[in-house]
Amino acid sequence: MAFFDLMHWIVFVCYLAGTISVIAGFVGQKPSALRFCALITGLGLFVHTLDLGVWLSGDFKSAPAAFYMSLLSWVVLVVFATLWRLVRVSFLGLAATPLAFLLFSASFAFSGLTVAVPKQYATFFWIVHIGSLYISMGLLAMAFGAGLAFQYMEQAIKSKAKLSGFTHQMPSLNTLDGVNRLASLLGFPLYTMGLLSGFVWSAMARKIVFTGHPREILALAAWLLFAFLFHQRFVQGWQGKKPARLAIWLFVFIVGSMLAVNWLFPMHHSLVDPT
Amino acid sequence: MKHDIHLIGLNHKTAAVEIRERFALSDKPDFARTLVDGPVSEAMALSTCNRVEILAVGQEGTDIVGHVLAHWAGVCGQPVDDLRSAVYTHTNLGAVRHIFTVASSLDSMVVGEPQILGQLKDAYRAALAQGTARVIVNRLLHKAFFVAKRVRSETEIASSAVSISYAAVELAKKIFGELSGMRAMLVGAGEMAELAAQNLLNAGIAHITVANRTLARAQELATRFKGTPIAIEEMYDHLPDTDIIISSTGSPTAVIRAKDVREVLRKRRNRSMFFIDIAVPRDIDPDVNQLDNVYLYDIDDLKEVVEENMAQRQGEATRALTIVDAETSGFALWLASLDLHPTIRDLMAQGEDLARRELAKTLRRLGPDTDERVVRCIETLALSVAQKLYHEPICFLKRRAQEEGGAEHFIDLSRRMFNLDSERVPPDAHADRKPKSIDDDNGACASDETED
C-alpha cells in the first residue's frame with residue numbers, strides 16, 4: 001500500500017472511531033469516550049491536513065473529485081474546531097464528526113474521477129470560489145447541527161419533558177441560537193462571495209455569466225434562501241426556532257443540490273465525468 | 001492492640017425532632033475531647049439538624065457504646081435510657097460503610113444534597129483541632145471524602161434539582177445558558193417566588209425588578225434583592241427588558257396575557273423569555289407557552305420536574321451504594337494491615353520484588369553469556385541487600401508493637417511511607433496541615449505523603 005493510500009485509511013479509521021466515540025459519548029453519556037473522540041479525530045485531522053497538503057503540492061488543477069469531497073470534510077472539522085474555540089459548544093461534534101466521516105468516506109467513491117479546473121485564473125478561482133463556498137457550507141453544517149439540537153431541546157422544554165441524560169448534556173437554547181447567528185452572519189457573505197467569484201470567472205474564461213444550467217439555478221435558489229435567512233435574522237429580528245428550522249432546510253437543500261444535481265447534470269465541476 | 005470502630009447516632013429516620021433537639025451536640029464543641037478517655041482512644045462528633053452521630057474508636061472488647069451513651073446523655077443532661085431507645089449503632093465495617101454512606105449523602109433526607117459533606121468536614125476539622133482524630137479516624141474520614149467525591153463524579157446523584165426554586169433556576173440555565181447579564185422580574189411576593197428570585201441572584205442574574213400591588217412591599221423586597229421596585233401597573237413597560245418573570249400574585253384571574261406577551265416579544269426582537277408561574281390560581285395565561293421563544297412553567301410543571309429528579313436520584317443511589325461497598329472492602333484491607341505481621345510480610349515481599357527486578361535488569365545488561373556462578377553471586381547480593389535494608393525498620397516496628405497503643409501509628413506510617421497498599425493518595429490527605437485542601441479532594445497522587 002502506498003504511503004498516500006495509507007494516509008487515507010488512517011484518516012478513515014480515525015474519523016470512524018471519532019464518530020463512534022462521539023455518539024457513545026453523548027448518547028451513552030461517557031465523558032471518556034468524548035475525550036477519546038477529541039484525541040482520535042484530532043489525529044485524523046492532522047493526517048488529513050498532511051494528505052491534503054500532499055495533494056495541493058501536486059497538480060490540483062486536475063485533482064480527482066475525491067479531493068473536493070475530502071477537502072469539504074476537512075473544512076467541516078476545521079470550522080467545528082474554530083467554533084468550539086469561540087463558543088465552546090462541544091456538542092456540535094455530534095454533527096461535525098459523523099458528517100466529516102460521511103464526506104470523507106464518500107470521497108473514496110470518486111477517486112477515479114478527475115475534476116479539471118480550467119487553466120485561466122485557476123489559482124484565484126480555486127481559492128475564492130472553493131474556499132468561500134466550502135467555509136460557508138462548513139458554517140451551515142454547524143448551523144444544521146445546532147438547528148436540530150435546538151428543535152429537540154426546545155420541544156423538550158416546551159412540552160415539559162424530563163431534561164436528563166442526553167438532554168441534560170445539551171447546550172442552552174441561547175447557545176445553539178448563537179451558533180445559527182454566527183453561521184448566518186459569516187456564512188451568507190461567504191456564500192455570496194463564492195457564487196460571485198464563480199460568475200466572474202465564468203464571464204472571464206468562458207465569456208458567459210449565466211448558462212442556465214440547473215446547478216446554477218439551484219445555487220441561486222440556495223443563495224435566495226440564505227439571503228432570506230440573513231434578512232429575517234438581522235433585519236426582522238428572527239431568533240430561536242424559525243432560523244433554526246430554516247438553517248436545517250437550507251443545509252439539506254445545498255448538500256442535496258450539490259450531490260444530486262452534479263450527479264445528474266455533468267458540467268465543468270461535476271462529480272461525474274462529463275465525457 | 002486490636003481496635004473496634006463504633007458509630008452511634010440518631011437521625012431523622014430513627015428519632016423525632018424533639019429527641020434530636022434534646023441530644024444535639026452543636027453547642028457542645030468539646031464533646032469529642034471529653035469523650036476520649038478510658039476505652040475510647042479516638043472520637044469525632046457530627047451534629048446537624050437531621051442527625052447526631054458519634055464515631056468512637058477504642059480497644060477491642062470494651063464497652064465503648066455504653067461509655068459513649070453515658071457520656072452523651074450526661075453532657076446533654078438527659079436520661080440515658082431515652083437516648084438508648086433512639087440510637088442506632090454500627091460496628092467496624094458497618095460503621096465504616098455508614099460513614100461512607102453519610103458522606104456520599106445517601107443517608108440524607110434529600111438524597112444527594114451537598115451540605116452533609118461540608119458538615120462532615122467541619123466535624124472532622126473540629127476533631128483534628130482537639131486532637132481526637134488519630135490514625136483510624138484520620139484515615140476513615142479522608143477515605144469518606146474520597147468516596148463522596150467518587151459518588152458525585154461517577155453517578156448522577158446530584159445532577160438534577162430537587163426543589164421547586166432550584167428547578168426553576170436549572171430550567172432558566174437550559175434556556176439562557178449563563179445567567180449573568182440576565183434580568184428578572186418578581187411579580188407579586190409569594191414565599192416560593194422570593195426563594196426562586198434569591199436562587200436566580202445566587203446564579204448570577206444581573207438585576208431584579210419587583211412589581212407588586214403594594215409599592216411598600218415591592219420596596220421592601222427590592223431592598224433585599226438590591227433591585228428596583230415598581231407598581232404592578234407599570235409591569236408591561238418593564239417586560240421588554242426582562243428575561244425571566246416569576247409570578248406569584250393572589251389575583252383570581254390571569255395577570256399576564258398571551259396577546260400582551262406577543263407585543264412584548266416584538267419590542268424585544270424575539271429574544272427568549274422564561275415565565276415561572278408559582279401562583280394558584282395561575283397568574284399567566286397558559287397560551288403564552290405557545291408563542292415562539294417563550295417558555296412557561298407553572299407550579300405543577302415544576303413539581304413534576306422535582307419528582308422526576310427525586311426518582312432519578314433514588315435510582316442513582318443504588319449505583320452509588322456499589323461504590324460505597326467496594327470502598328468499604330478496600331478499607332477493611334487497610335484495617336487488617338494494621339497488625340504487625342502482614343506489614344512485615346509486605347515489606348519483605350516488596351524488598352525481594354525490588355531486588356529481583358533490578359537483578360533482571362543487570363543480568364540483561366551483562367548478556368546471556370554471563371557465568372552461572374556470577375549470576376548466583378549477584379542474586380545473593382541483591383536479595384541480601386534488600387533484606388538488610390528492611391531489617392532495621394522491621395526491628396523498630398517490633399519494638400513499637402510492645403508499647404501500648406503505639407504500634408498502629410507506626411505501622412500505618414510504614415505502610416504509607418513504603419506505599420505497601422499501592423494506592424493513590426489525595427493531595428489533601430493532611431487536612432491538619434492544609435485545612436483548605438479538604439474541600440478539593442481530587443484523588444491525585446501526592447509526593448509529600450508523610451505523617452507524624
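Placed from the backbone N, Cα and C atoms, the Cβ positions cover glycine too.
Residues or ranges marked as transmembrane segment in TrEMBL: A:6-27 (among others).
The transmembrane segment annotation in TrEMBL covers A:34-55 (among others). Sequence-distant contacts of the transmembrane segment (A:34-55) (same chain, six or more residues past either end, CB-CB distance under 8 Å): 4, 7-8, 10-11, 13-15, 17-18, 21-22, 25-26, 63, 67, 70-71, 73-74, 77-78, 81, 90, 93, 97, 100, 104.
If you look up TrEMBL, you'll see A:67-87 (among others) marked as transmembrane segment. Same-chain neighbours of the transmembrane segment (A:67-87): 15, 41, 45, 48-49, 51-52, 55, 60, 93, 95-97, 99-104, 106-107, 110, 115, 130, 134-135, 137-139, 141-142, 175, 178-179, 182, 271, counting only residues six or more beyond its ends whose CB sits under 8 Å from a CB of the stretch.
As a whole-number mean, the pLDDT of the domain 'Cytochrome c assembly protein' (A:69-265) in this prediction is 86. Taken from TrEMBL, the feature domain 'Cytochrome c assembly protein' covers A:69-265.
The transmembrane segment annotation in TrEMBL covers A:99-118 (among others).
Marked as transmembrane segment by TrEMBL: A:124-150 (among others).
Per TrEMBL, the feature transmembrane segment maps to A:182-205 (among others). Under 8 Å from some Cβ of the transmembrane segment (A:182-205) lie the Cβ atoms of residues 83, 86-87, 118, 120-121, 124-125, 128-133, 135-137, 139-140, 142-143, 146, 211, 219-220, 222-223, 226-227, 229-230, 233-234, 243, 247, all in the same chain and six or more residues away from its ends.
Under the heading transmembrane segment, TrEMBL lists A:217-234 (among others).
Residues or ranges marked as transmembrane segment by TrEMBL: A:246-265 (among others).
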